Structures are given as C-alpha cells and as structure tokens.
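Chemist: Provided herewith is a single structure, encoded as structure tokens, for subsequent inquiry.
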Amino acid sequence: MKKLIPSYLSVPFIFFAVFAATEFFIDSGERPAFIKFPMVTVFLLVFLFIIIAIEITITAVNNVTYYLLTAEEKAKLNESKNWSLTENKWYKKLVGLLIKPESSAEVSEDQLLLDHDYDGIKELDNNLPPWWVYLFYASIVFGVVYMVRFEILGADNQEMELKKEIAQAKIEVAEYMKTAPDMMDEKTVTLLTEAGDLATGKEIFNTNCAACHRTDGGGQIGPNLTDNQWILGGGIKNIFHTLVNGGRDGKGMISWKGTLKPKEMQKVASYVISLNGTNPPDAKAPEGEVYVE
Ligand code: HEC
C-alpha cells in the first residue's frame, strides 16, 4: 500500500525504459524505429495508456482499502509512511540542495523585500537557486578547460576536425574502390596497361568475344577491332559504353553488363585497345570513322 516511488516518476521511467528498448532492439536503420514503423508508435501509445490506467487503478484501490482500515491500522501505516520517496531524508536533502527553500520558509518576506516599488510591484531578494549557482560554477570550469584546450594547447577546431574527417573518408573511399568490382561506370573507367590486367582481358576476350571478333580481333561477324576506325567510337570510355549497352539494334553485339562485371569489362576493353595496329592477316576491312581522343 505504501508507494516507494511516486507515479509521476515511475510512469515516465517505465515508459522511457520500454521506449529505449524498442529503439535498441528494433533494427530501423538510420531513422528511429517509432518513425519508421508506425506500429511501434501505436504500441508505445497503447502501452503508455495502459500503465497510466494501472497507476490510476492502484491508487483508487489503495484509497478504498485505506478507508476500510481500523484507526489502529491507519496509525501504524502513517508511522511507516516515511518509507515513501518524498518523505525520505535524503530526498528532502537533495531537494533542499537544489532549490534551497530556507529563504522562503524561515525568513519572513519583509526581511527579503527590496526597497524599490514599481507601481505596486515589489521585488524579493531571494537566494539564487543552488542548481543555478552550480551551473554557473560548471560553466566557469568548462570555460577554463575550453580555453586551455583550444587556445593554449591548440586542439583541432570544428573546421579542422571536418577537414580531417573528409580526408579520412576520401582515403576510405579510395580503399573501397580498389576492392569493389562493381564500382565503375563509363565516366570513371580508366585504361589499364599492366600485363596482368591485359592477360585477364585476353582470357575474357577469347572466351566471350572471339566467336564474332576472332581471337586476333581481326573481325568476322563483328567488326575489326585492330584498326583505328570505329563504328561506335574508340577509346576506353566508348568501348566500355559499347560493352555495357551493346551495339546498334539488330547488329549482333549484345550488352555485356549482365555477364561481365564492370572490372572485367574494363580489362577486356583495355585488351581490345591493346590490339590496335596489330594488323592480323586477312582482317575485315575497317568500318566507321577514324577515332581521335
Ligand atoms: C554475337 C557476336 C558478337 C560477340 C560475341 C561480341 N561481339 Fe562485339 N560486336 C559484334 C557486332 C556485330 C558489332 C557491331 C555492332 C554495331 O555495328 O552496332 C560489334 C561491335 C563491337 C565493338 C564496337 C566496334 C566499333 O567499331 O565501334 C566492340 C568494341 C566490341 N564489339 C567488343 C566486343 C567484346 C569485347 C566482346 C566480348 C565481351 C564482343 N564484342 C562480343 C558482334 C559480337
């Protein structure tokens, strides 16, 4: 029947504990769970409603049972009332420390009254509330620490921190791009010249392309890839574009983006460029325009 914690503390506490638990356990990506999943909001509201209802019921039941007690039992109960939080010694001390009520309780108002009077509006010279004073001291300590850290020891300011983070992010992106095979498009593709890459390109070419372009690139169903004339444009970017999108409709050159990874297309395109000027025997006649970068 005695309540250790008053309901204006226990209800918010229970509610926020459950709220924190939903945020912690429900994986909702960057947005909070109660925004991403409206059901969570509904659940929290219903839950809040229920705990308030329970509190009200318990209080009502307590009041009723209190009336049913005999005088003796009531006295006994009141004796042990200081179990409750608001009656606690340390609780009172804490409240006293934060709002220092002596000034209003023990000193009469006349003693505190200042001698000015604005159309009947008077002013009391109350103590500053201790919480305010502590905040003030804390801000002085903060100011000193801040001053020493940033002005004397020269720690990074926000702009510097941002610059460092951006630089770090750039390094990480570059690192990621090195290992991510799918991060490339015709704008970022570059010509590879390393023997290893070209060898892989050659392998891909012999498996997928030689049927139409011949192993030496001289051309059969597809055009000659060793001359400097191109139907769809030469250079790494155009060839990459041709591989991703295929040739003109009905000509037989399909899009390779479903079969080859971007890195593989880059390698085979680089290999095709390395075939330039090899002049294989009985190659197909050049088609298209001479390509200049
Ligand atoms: C089924 C036959 C076929 C296969 C397989 C094929 N191609 Fe083609 N390729 C063609 C034809 C046909 C064209 C001409 C398309 C056009 O005229 O639009 C062409 C065009 C090209 C072009 C553009 C040539 C230019 O003059 O602009 C390139 C580069 C190319 N192919 C590379 C490849 C690579 C690399 C592969 C393997 C991944 C490949 N092709 C596989 C038939 C093929």
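The backbone N, Cα and C atoms fix where each Cβ goes, and this holds for glycine too.
Feature list, courtesy of TrEMBL:
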COILED    152-179  coiled coil
DOMAIN    196-276  domain 'Cytochrome c'
TRANSMEM  6-26  transmembrane segment
TRANSMEM  38-61  transmembrane segment
TRANSMEM  131-148  transmembrane segment
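Please situate the listed features within the shown structure.
Modeler: For the domain 'Cytochrome c' (196-276), DSSP puts the residue distribution at 41 helix, 2 strand, 38 coil.
Below 8 angstroms of C-beta separation, residues 32-34, 37, 40, 43-44, 47-48, 51-52, 55, 59, 84-86 of the same chain, each at least six residues beyond the ends of the transmembrane segment (6-26), sit close to that stretch.
Away from its own ends, the transmembrane segment (38-61) comes close to residues 7, 10-11, 14-15, 18-19, 22, 26 of its chain (Cβ-Cβ under 8 Å, at least six residues beyond either end).
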